[in-house]
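Asks: The following block contains the structure, expressed as structure tokens.
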């Protein structure tokens, strides 16, 4: 996914920019960048890889070279950012949280019109550079941003650092969030509201879908009203969001607890206690304990000193190893016990399978797993909630493919809770992972726990539904 942060102040903004960007580190794994603007020194930029280290350790030595009262930062799961641009709109920098599915088609069209595109390694186009070129096709920033909205298939939220403030534009359908914060003499905008309290900002409001605003140190100017359409990613509350964050005024941890509580109330499985898989399974487990009326115990813990959540290698083999090394079971709690483990989702199933073996090896009598969302039957074309290159990396799709053979697959049957096909798929997942029982949240339970109407949530990865403009 990725996260972005920007701030503009009457004073120097570098410390706020550094820590504000760092507070988005759980949203991306590959690269990070910051850029500031100072009237005397202009734009100063730094970009680093995060694949073998953390944001703070990479950027601390760069802080002295930054100066200015405004800046933007990014934690990127894709390309190197920020991009600095010279155009008829002036000199500016841009960062994005985007997934551009028609990247090659747009690039081919731009090249036919004699525009220039750089390339990354492995001949991969930089989608943030492409977004900048689309912006430059407008007579104003607002026209250019709307050109981005019209041309791309996927999603795109962005921050643009100009000499006259920060322009923030949320994805046209609001799939990814942007939240405004304020303190005396300064404004900020972030993918995560959890960055505001420790920097002394108060949350002002969410930028609405398709809305474009300009932040200055003394206020926020609306440049374009909302599109009036909304498809915010429901996976924000399931996995991505930091527990203290809120989107659309709905707190992440409260939503997870509500979800777990409803699942616990519906579950009739005898168990001795419930445990959450750190980090995003913990809130659900707390709610499940309340709903099922059993104790919550920390039978597995994450070794945080050297394995923070933000450290997630992009290589899948290393990711599996790191996931295993992060979690340490408590044998004193597990021995001879019937345990319910709560987790956010099952993608490939590799990590959970390894965890289950560890729990049984530690002495657990039964291992029951409860997942806070429905099965992921469809790949995500809008955000890319996982790094999978193919839908066949989803354990659900591999099983469906084996069940159905070479013929057409009716995915809707497998995505329909309690259908024979759904139950057969879930039973097979449980068998492959070595579970005593496995249950997923119903889609209606997840939607109810979030508290927004389903028509305002993107649930494509669960049921295949897509909003048609």
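Cβ atoms here come from the backbone N, Cα and C positions, even for glycine.
For reference, TrEMBL lists these features for the protein:
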- 233, 380, 458, 461: [4Fe-4S] cluster binding site (BINDING)
- 280, 343, 344: Mg(2+) binding site (BINDING)
- 1-218: domain 'Glutamine amidotransferase type-2' (DOMAIN)
Asks: Using Cβ atoms only, which residues of the same chain lie under 8 Å from residue 344 (Mg(2+) binding site) while being at least 6 residues apart in sequence?
Replies: 238, 239, 277, 280, 281, 284, 371, 372, 373
Asks: Just to verify a number: CA distance, residue 461 ([4Fe-4S] cluster binding site) to residue 343 (Mg(2+) binding site), in angstrom, no decimals.
Replies: 17
Asks: Counting across all protein chains shown, how many other Cβ atoms sit within 10 Å of the Cβ of residue 458 ([4Fe-4S] cluster binding site)?
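Replies: For residue 458 ([4Fe-4S] cluster binding site), the count of other Cβ atoms within 10 Å is 24.
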Asks: Where's the emptiest Cβ shell within 10 Å among the binding-site residues 233, 380?
Replies: 380
Asks: What number of additional C-beta atoms lies within 10 angstroms of the C-beta atom of residue 343 (Mg(2+) binding site)?
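Replies: Its Cβ has 22 other Cβ atoms within 10 Å.
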Asks: Which of 280, 461 has the fewest nearby Cβ atoms, counting only those within 10 Å, among these binding-site residues?
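Replies: It is 280 that, of the binding-site residues 280, 461, has the fewest other Cβ atoms within 10 Å.
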Asks: Expressed to the nearest Å, what is the distance separating residue 458 ([4Fe-4S] cluster binding site) and residue 343 (Mg(2+) binding site) at their Cα atoms?
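Replies: Pair distance, Cα basis, whole Å: 20 Å.
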Asks: Taking DSSP as the reference, which of helix, strand or coil describes residue 343 (Mg(2+) binding site)?
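Replies: The residue in question, residue 343 (Mg(2+) binding site), is strand (DSSP, three-state).
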Asks: Could you check what DSSP calls residue 280 (Mg(2+) binding site) once collapsed to helix, strand or coil?
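Replies: Going by the DSSP assignment, residue 280 (Mg(2+) binding site) belongs to neither helix nor strand, so it counts as coil.
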